[in-house]
Amino acid sequence: MPKRTDIKSILILGAGPIVIGQACEFDYSGAQACKALREEGYRVILVNSNPATIMTDPEMADATYIEPIHWEVVRKIIEKERPDAVLPTMGGQTALNCALELERQGVLEEFGVTMIGATADAIDKAEDRRRFDIAMKKIGLDTARSGIAHTMEEALAVAADVGFPCIIRPSFTMGGTGGGIAYNREEFEEICERGLDLSPTNELLIDESLIGWKEYEMEVVRDKNDNCIIVCSIENFDAMGIHTGDSITVAPAQTLTDKEYQIMRNASMAVLREIGVETGGSNVQFAVNPKNGRLIVIEMNPRVSRSSALASKATGFPIAKVAAKLAVGYTLDELMNDITGGRTPASFEPSIDYVVTKIPRFNFEKFAGANDRLTTQMKSVGEVMAIGRTQQESLQKALRGLEVGATGFDPKVSLDDPEALTKIRRELKDAGADRIWYIADAFRAGLSVDGVFNLTNIDRWFLVQIEELVRLEEKVTEVGITGLNADFLRQLKRKGFADARLAKLAGVREGEIRKLRDQYDLHPVYKRVDTCAAEFATDTAYMYSTYEDECEANPSVDRDKIMVLGGGPNRIGQGIEFDYCCVHASLALREDGYETIMVNCNPETVSTDYDTSDRLYFEPVTLEDVLEIVRIEKPKGVIVQYGGQTPLKLARALEAAGVPVIGTSPDAIDRAEDRERFQHAVDRLKLKQPANATVTAIEQAVEKAKEIGYPLVVRPSYVLGGRAMEIVYDEADLRRYFQTAVSVSNDAPVLLDRFLDDAVEVDVDAICDGEMVLIGGIMEHIEQAGVHSGDSACSLPAYTLSQEIQDVMRQQVQKLAFELQVRGLMNVQFAVKDNEVYLIEVNPRAARTVPFVSKATGVPLAKVAARVMAGKSLTEQGVTQEIIPPYYSVKEVVLPFNKFPGVDPLLGPEMRSTGEVMGVGRTFAEAFAKAQLGSNSTMKKQGRALLSVREGDKERVVDLAAKLLKQGFELDATHGTAIVLGEAGINPRLVNKVHEGRPHIQDRIKNGEYTYIINTTAGRRAIEDSRVIRRSALQYKVHYDTTLNGGFATTMALNADATEKVTSVQEMHAQIKKS
């Protein structure tokens, strides 16, 4: 059946901001869907509130709306654009929930819009736990014993039937949000209370515990003629009880017999038929009891998912693209496989002759007090994938690609420690983020495979692989570098050992191992991912390294090549924004006739799509792996400034090895990052900085602090995302910081800066080509200095700064760009206090604000800068004017505190946001209101507000209180704040702090008395005391601000209607051209 002709235009729903459980894999699927549908001649309308995505680039769709994914806003878009169909399967849970809401509210019917890709009934049948259970029974498949509850009474009744331990999951949430495992009644009640609150339908599913069972996933694609193919089988290395997003996973499944695999394959196809997924991809999850082989279906997702992104990258089969085409009526046999150049149809099941391992990346160090044990609720923030010819090779490559300081199975405990065994046993039984390394330690400490299995329930086959690697490591330590003959070294490299790991074991430097390999002429070869296990030829250059005989890389010799180094796994502080820049570099240079080479190991991203670049190397971004690729490709230039800290920290070593790093030189990057060298540059330019000092010892710090004056910002040098950065208010605080946090920097000094309280922070993105400086955009932060720039909302153009102040900044940026000899992108941060401009820092690289600025101004900064790096000046490109748009754009961040119940949700100098949204409006207020709606804020227009502010905010709080009263709010205040308001003639109701007797603040929040809370604090003691206010506000879904500026912005936004007007990016950019 060829494509449908009754449909002319299609609305694609995006996934919105990146949160834990829903990351950039949906940018990858959405971007593929846009391409696939436009190829077929459809008009594509896209809505997604996240500006840091490739899919929201103006070229990707015919009309792009960076608007909140909220049914009322989408209704406006449908009314304006009149699409014939809506495709909800590309934007994760957000898009499915929005589509169901549009259906429920009658919007689809009102405007005659058809849902394609999945029906509302199929989505509901897969997501509604009771309907799903009935459907599975109908086709003879087993599901876990379970019950459904809508209240605590019902929940306790189910628990009596299912027994403890049991697993609790709220309906219609993603990444296991709000779920957990309860071992007793107390834990059960706590999880249920939270889960009922978080489920949009107030529904919980309570299951018998399957902890310790083996977990598998099948990625299935089905078309409307009932052709079904399995794209990939995935096995979870970690047993049931750990969310699949937090498990190490392997493809293809390794420990199934052929018979078991066929049973599972047939079952997964039966599931799709019964649920009614007629077109597109789904993932079906199974659990197998290793004791008796009982197979049960856990769940299915009737959409493109995190696993399908992994399956696409693991096999080269573009699930999202195929799903989009099936949704408009094609069948699998009509679609051709790109990778084999159309030699095979898409109805051929991919077969693979390699092993793929995915390992999740965690960021618990950002969340003091978080429970860091892995459960059924997802907590990882990113993932890394590696490809090898054996399980061992692929696992070790993934470990070093993870960038957590490990080059392989580095030990976690010292075996001399008398507590070592106790610690190992505890870590194996109750898994945290590092369990894989503790397994290796267990073998070093003498545990047997059975002993480890009994603690972990990880299949013995995987454990034997790790045990063998540990034994090989012991042998390397024993024979040393002289014992590494050509055969032994080759054997080690085939098992995935990194040079750096072997060097550590042999007690030499990494360079020595590389020298030895050169002597033996021992280098990796590159194999291609071709979907067909080399049965057909492929022209697609999608490669991975391995130590075998035949190399399939076949690099071109006559073309100018540029290599872009990606950012590796997502983590807080280095996310999709950097991937966005890498993709733009590749696209721009391809347009200019260069052959582009991408090196990255993150399976969720657009950069690792096989058609983003001419050649893709799916490899860890480490010195060894990059040098080997450079050796065979011989690029004319390598770009390290776009992937965040990952490639940046390789810059000097690459340069030393003779690699042509283009753009800003590694030395210039060092001049900006090294405090002392930077100081010289600033002094020479006579720019103002906050008083500061660099110290290497605690007593020296105490002395310097007295000179500078408190409060201070303290941090180690060279960090991204503000790791181990804190504001200290007195000497006791400073001493505590040195004792607990400073081990972060290996002999690197610690920086002390005077903290500018109440200053306005400003971010400026710019491009320099050596002759001129282009200002990309000046962003004024809404939260004051002291809140990490990555966690602060910001406005472009600035909404309070005077023209003069902005001009001073423009001049300073220009001076700095020339002084540091920047070629390409740079980002400068300023603080403005009492009309004085202070320079905070300069980053001569792509910053996380680049995508936002590009969307707001219509200038693709990352593309322009990539061309500058390749030698094309700004004048030649015709991009010389700073664009100041005739409307406001506001970026707001999304924070993951709901996943970490123990953590204080106070904003500070340590970055913790996972994603961002953008709001656009004619006024600042309208733009801010849209950004709030897009970030799922629960702000109400009226009600009762609670004010509790620190000493320094007391004079300004009167103005805020007056604004809230005018808006119709009733006011409550804590003692100190109430006195100040009373003196100004405003009389709030007085409320007790928690230690002042009941009813206190927490009681009132629990009773739902407040619709808005503003709570600002200073000093460790006050922060500890008021933490309960912030946690309760979060728990009971009350909108709260922890800065006064945030409060003023919120009250401004109350008068704007975020759902009234929708504007496409294309219309915005046309307005700029007019003005």
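From the backbone N, Cα and C atoms, a Cβ is placed for every residue, glycine too.
What Swiss-Prot records for this protein:
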REGION    2-403  region 'Carboxyphosphate synthetic domain'
BINDING   Arg129, Arg169, Gly175, Gly176, Glu208, Leu210, Glu215, Gly241, Ile242, His243, Gln285, Glu299  ATP 1 binding site
BINDING   Gln285, Glu299  Mn(2+) 1 binding site
BINDING   Gln285, Glu299  Mg(2+) 1 binding site
BINDING   Glu299, Asn301  Mn(2+) 2 binding site
BINDING   Glu299, Asn301  Mg(2+) 2 binding site
REGION    404-553  region 'Oligomerization domain'
REGION    554-936  region 'Carbamoyl phosphate synthetic domain'
DOMAIN    679-870  domain 'ATP-grasp 2'
BINDING   Arg715, Arg754, Leu756, Glu761, Gly786, Val787, His788, Ser789, Gln829, Glu841  ATP 2 binding site
BINDING   Gln829, Glu841  Mg(2+) 3 binding site
BINDING   Gln829, Glu841  Mn(2+) 3 binding site
BINDING   Glu841, Asn843  Mg(2+) 4 binding site
BINDING   Glu841, Asn843  Mn(2+) 4 binding site
REGION    937-1075  region 'Allosteric domain'
DOMAIN    937-1075  domain 'MGS-like'
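The two recorded residues, Arg129 (ATP 1 binding site) and Glu299 (Mn(2+) 1 binding site), show a Cα separation of 9 Å. When the C-alpha distances from Glu215 (ATP 1 binding site) to the binding-site residues Gly786, His788, Glu841 are tabulated, the minimum falls on His788. When the binding-site residues Glu299, Asn301, Arg715, Glu841 are screened for a C-alpha within 10 angstroms of the C-alpha of Gln285 (ATP 1 binding site), the residues that qualify, in sequence order, are Glu299, Asn301.
Taking the Cβ of His788 (ATP 2 binding site) as centre and 10 Å as the limit, one finds 20 other Cβ atoms among all the protein chains shown. Each residue in the region 'Oligomerization domain' (404-553) has a pLDDT score, and their mean in this model is 97. Neighbour density around each Cβ, counted as other Cβ atoms within 10 Å, peaks among the binding-site residues Glu208, Glu215, Glu841 at Glu215. Its Cβ placed at the centre, Asn843 (Mg(2+) 4 binding site) has 19 other Cβ atoms within 10 Å.
In sequence order, Glu761, Val762, Asp763, Val764, Ser789, Leu839, Ile840, Glu841, Val842 are the residues of the chain that are 6 or more apart from Gln829 (ATP 2 binding site) and have a CB within less than 8 Å of its CB.
Here the binding-site residues are Gln285, Asn301, and the one whose Cβ sees the fewest other Cβ atoms within 10 Å is Gln285. The binding residues for ATP 2 are recorded as Arg715, Arg754, Leu756, Glu761, Gly786, Val787, His788, Ser789, Gln829, Glu841; their greatest pairwise CA distance is 18 Å. When the binding-site residues Ile242, Leu756 are compared by the number of other CB atoms within 10 angstroms of each CB, Leu756 has the fewest. The residues of the domain 'MGS-like' (937-1075), classed with DSSP into helix (H, G, I), strand (E, B) and coil, number 70 helix, 22 strand, 47 coil.
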